[in-house]
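Undergrad: Here it is: the structure, laid out below.
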């Protein structure tokens with residue numbers, strides 16, 4: 001019965017909802033979003049209300065063409081059925097159970113709706129997350145595409161700029177080549193014109209000199225013929241007198257010598273006769289001669305043995321080519337005493353303490369050498385071990401002169417040897433190396449041992465052309481230089497530092513490069529050697545007997561040789577070493593002595609410089625050609 005009432009109630013409510021939904025407003029009795037759905041059709045057993053009595057008059061019904069709506073648009077049938085069903089349920093005994101069932105069903109529906117709502121929210125959040133991820137991926141792809149496009153644009157712009165710069169560089173290079181070609185052609189034309197002018201001048205000068213020489217020869221020939229005729233006449237007049245005088249003098253001398261020879265032979269013959277006739281005198285004479293010969297031989301051989309022993313103990317080793325120490329301890333005693341007295345009297349010598357004598361260095365290199373000299377001097381005074389050095393650079397840059405000056409400034413003795421002297425010694429090289437180091441340790445001041453051309457016997461030991469004797473000599477030197485010494489400073493000089501053995505390079509503490517002199521250094525060298533070879537050419541060195549045994553040199557007169565000309569020569573001698581500059585100035589001196597008036601002017605100086613520059617360039621071309629082979 002209760003189920004029937006519940007079904008009827010649901011049907012009534014559904015009809016009411018439908019009626020209200022079709023009307024002008026919507027009303028849900030239970031305020032649920034699912035009430036608009038029609039309830040499932042089920043047979044409803046609704047109790048019929050009691051029939052009205054016959055006495056009750058029927059109410060007149062209002063005509064309605066649309067059975068679901070009234071004249072106002074509202075259909076009250078569903079509502080009436082629902083109200084009727086509610087009244088019947090209310091009158092029923094199971095009304096409370098019905099309402100409980102309805103309440104539980106509504107609560108269940110609310111729970112389901114809440115779960116669906118949460119599930120919908122979770123789906124919505126997941127969809128939002130997915131949408132954000134998709135947006136982030138799209139933004140990332142867009143940023144990557146933009147970065148790639150920007151990188152491509154940058155590469156394209158860089159490629160365009162590089163091509164533009166390359167085109168501009170090609171244009172500048174072509175223009176510079178054209179300018180250089182034009183300048184070279186102009187220089188060649190000027191050089192050809194200058195050479196033609198010089199050749200014409202030289203031809204005229206040679207013609208004049210030939211004419212002058214012919215006149216002088218003719219004059220000398222005429223004078224000689226006249227003098228010869230005069231002498232012949234005088235000789236013819238005095239010939240008879242001289243002949244008689246000479247005959248008389250010869251006869252007198254012959255008689256005198258004949259008498260002396262006869263007297264000598266008479267005495268010698270008497271002595272021999274006395275010795276031969278007396279046996280005792282003969283024995284004494286023979287014994288005396290034998291003893292004299294034996295004494296002479298013994299004395300000579302003994303002196304040779306003693307001197308070789310003294311030379312080996314006290315003498316200078318044969319490997320030393322030059323040294324500030326004498327060959328023997330007593331050698332140079334007088335010169336050292338004179339230099340000591342000169343220093344005590346305040347004489348400073350000819351060399352200044354600034355600079356390095358005849359070698360001109362770059363200021364930075366000169367400063368480093370000066371610091372090295374001071375450090376070496378302080379090392380000796382503090383009894384600390386010395387530091388070994390390596391000088392490398394092109395030949396003629398002053399390595400040997402700097403080593404000698406370094407030893408002098410640091411207060412050390414100086415000894416020079418060359419690496420080329422070791423190879424010819426063969427098996428004696430090891431002995432000579434040890435003698436050299438033993439001799440070096442005897443210096444009281446300390447010794448700077450300078451080995452020039454060190455790569456000649458200190459090259460890599462794995463070289464195929466290196467002999468066993470050279471390898472042994474290298475090992476001997478490595479043995480003597482294994483520890484830092486307080487007596488010897490080892491200074492090596494080479495033009496090829498890469499050829500030195502790695503163990504030798506490990507012994508080196510200071511490596512100094514001697515580059516070719518720059519323009520300023522070449523200008524100073526030219527002025528230095530101009531003063532040495534030209535200005536001081538005719539001066540006598542001070543000495544007691546120099547005026548008696550040496551002829552007076554002809555002084556050179558310098559005219560019009562300004563600093564501008566010297567700077568021009570310094571600029572043109574690019575690539576010259578200090579030795580080449582000295583040779584060039586020696587050639588200038590020879591050219592001056594070869595001239596007639598012994599005068600040095602700008603033209604003669606330029607002529608010698610042109611010749612030496614051309615010679616230097618030719619030498620470089622030959623060296624390059626040999627290097628290409």
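Cβ atoms are placed via backbone N, Cα and C, with glycine included.
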Undergrad: Which one of these stretches, 24-78, 79-133, shows up in TrEMBL as region 'Disordered'?
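TA: Going through 24-78, 79-133 one by one, TrEMBL gives region 'Disordered' for 24-78.
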Undergrad: Checking feature assignment: region 'Disordered' per TrEMBL, candidates 166-212, 213-259. Which range matches?
TA: 166-212
Undergrad: Per DSSP, what is the residue tally for the region 'Disordered' (166-212) in helix, strand and coil?
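TA: Result for the region 'Disordered' (166-212), in helix, strand, coil order: 47 helix, 0 strand, 0 coil.
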Undergrad: If you run through the domain 'AAA+ ATPase' (385-518) with DSSP, how many residues end up as helix, strand and coil?
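TA: Split by secondary structure, the domain 'AAA+ ATPase' (385-518) comes out as 58 helix, 29 strand, 47 coil.
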